[in-house]
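S.K.: Reproduced below are the annotations present in Swiss-Prot:
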- 33-53: transmembrane segment (TRANSMEM)
- 77-98: transmembrane segment (TRANSMEM)
- His83, His182: heme b b562 binding site (BINDING)
- His97, His196: heme b b566 binding site (BINDING)
- 113-133: transmembrane segment (TRANSMEM)
- 178-198: transmembrane segment (TRANSMEM)
- His201: ubiquinone binding site (BINDING)
- 226-246: transmembrane segment (TRANSMEM)
- 288-308: transmembrane segment (TRANSMEM)
- 320-340: transmembrane segment (TRANSMEM)
- 347-367: transmembrane segment (TRANSMEM)
Amino acid sequence: MTNTRKTHPLIKIINHSFIDLPAPSNISAWWNFGSLLGLCLAIQILTGLFLAMHYTSDTMTAFSSVTHICRDVNYGWLIRYMHANGASMFFICLFLHVGRGLYYGSYTYFETWNIGVILLXAVMATAFMGYVLPWGQMSFWGATVITNLLSAIPYIGTTLVEWIWGGFSVDKATLTRFFAFHFILPFIITALVMVHLLFLHETGSNNPSGLVSDSDKIPFHPYYTIKDILGILLLIMALMTLILFSPDLLGDPDNYTPANPLSTPPHIKPEWYFLFAYAILRSIPNKLGGVLALVFSILILMLFPLLHLSKQRSMMFRPLSQCMFWILVADLFTLTWIGGQPVEYPFIVIGQLASILYFTIILLILPTVSLIENKLLKW
């Protein structure tokens, strides 16, 4: 008798991806974040769908509709806070997932890595547009400031910004189109995730040692399914603790004030997960320069496969590179902190130094240290 799981055209694909998939026997908890990101995406799409049933994308009613969701819809407050804090969890998992890739040299899988960077950019775009939808003060001014950055593009900048706005300022047209894009993007992300997995399964997973693990593979189910379930339980516990005890911990109080084009908040800042990039943007006094630095701070990830000069794939046996990696992590924490501070001394200088250090470590120090370690191997 043939097994349906292995012969059915559709179930066969699922089987090869999540059941009979040969996986390295030594992958650590750092490999859990892929499945956690899948869970986050599912949570966001589901909660987002239910929110969209009650939300209205009109400047006059958007803020009121969010209030209505929280006050009058059954468990609307829960759905809204799951969606808002689910985004934070999404980014925590994303940053850890990317960090894992950098540490263990997973970026040598070119296609998987590049699709991953595109995914990161798509999730960031989705989160930005979602933040605009409640139409609070920070939503409005965040949208104004960030979309205005495109005006730094020579020649077409101003036209481009007005085209995105659908008018001469952030208004009804902007809100409506942002809602449309915010709705469609998660489905595009889901499609990209499938491509990401397709490319990953062409090569198989990397592992902490960075060595080829073809000689020692185990089936994904039950070993890694049970491990993923543990990760999922921990993630849900963390998320629900955040939602039920301090749902506004990561939000901005300014967003509880309805959008007012006539009054600018004292400190315009994005959600915490964009602060590192925002700090890099602000650390350059020139508008176009700042925008380029902002874009490059994310796209620089695509250069990692080219900057990999070490003879070893993983950093597991490279103490000098490990040291530089953790300095880079500390630098990103510093940038995140600076992004939330006002533009004044000493924060400006700290931000500029942290931005310079960020690019220097990635473009110069890590490759140099890799070469030094190659030399040390010969001793």
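Any Cβ shown, glycine's included, is placed from N, Cα and C.
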S.K.: If you measure His182 (heme b b562 binding site) to His196 (heme b b566 binding site) at Cα, how many Å is it?
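M.R.: Between the Cα atoms of His182 (heme b b562 binding site) and His196 (heme b b566 binding site), the distance comes to 21 Å.
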S.K.: Grab the same-chain neighbours of the transmembrane segment (77-98) for me: Cβ-Cβ under 8 Å, and only residues 6 or more beyond its ends, written as numbers and ranges.
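M.R.: Result: 30, 33-34, 36-37, 40-41, 43-44, 47-48, 50-51, 66, 69-71, 116, 120, 123, 127, 130, 235, 238-239, 242-243, 247, 250-251, 271-273, 301.
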S.K.: In the same chain, which residue numbers or ranges, 6 or more beyond the ends of the transmembrane segment (226-246), come under 8 angstroms Cβ to Cβ?
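M.R.: Answer is 29, 32-33, 35-36, 39-40, 43, 78, 81-82, 85-86, 88-89, 93.
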S.K.: Do any residues, 6 or more residues outside the transmembrane segment (320-340), come within under 8 Å Cβ-to-Cβ of it, and if so which ones?
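M.R.: For the transmembrane segment (320-340), the sequence-distant neighbours (Cβ-Cβ under 8 Å, at least 6 residues beyond its ends) are 99, 102-103, 269-270, 272, 274-280, 282-283, 310, 347, 350-351, 354-355, 357-358, 361-362, 365-366, 369-370, 372-373.
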S.K.: Just to be sure I understand the packing, how many Cβ atoms besides its own are within 10 Å of the Cβ of His196 (heme b b566 binding site)?
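M.R.: Around the Cβ of His196 (heme b b566 binding site), 21 other Cβ atoms lie within 10 Å.
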S.K.: Roughly how many Å lie between the Cα atoms of His201 (ubiquinone binding site) and His83 (heme b b562 binding site), rounded to a whole value?
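M.R.: Counting only the Cα atoms, the answer is 30 Å.
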S.K.: What else in the chain is close to the transmembrane segment (33-53), if you only count residues 6 or more beyond its ends and a Cβ gap under 8 Å?
M.R.: 69, 79-80, 82-83, 86-87, 89-90, 93-94, 96-97, 100, 130, 182-183, 186-187, 189-190, 193, 228, 231-232, 235, 239
S.K.: Let me check the 10 A CB neighbour count of His97 (heme b b566 binding site). How many other CB atoms are there?
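M.R.: Cβ-Cβ neighbours of His97 (heme b b566 binding site) within 10 Å number 20.
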S.K.: Given a separation of at least six residues and a C-beta threshold under 8 Å, show me what packs close to His83 (heme b b562 binding site) in the same chain.
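M.R.: Counting only residues 6 or more apart in sequence, the Cβ neighbours of His83 (heme b b562 binding site) under 8 Å are Gln44, Thr47, Gly48, Leu51.
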S.K.: Counting only other Cβ atoms and using a 10 Å cut-off, which of the binding-site residues His182, His201 scores lowest?
M.R.: His201
S.K.: The transmembrane segment (178-198): which same-chain residues, six or more beyond its ends, come within Cβ distance under 8 Å?
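M.R.: Sequence-distant neighbours of the transmembrane segment (178-198): 17, 37-38, 41, 44-45, 48, 52, 55, 57, 112, 115-116, 118-119, 122-123, 125-126, 129-130, 132-133, 143.
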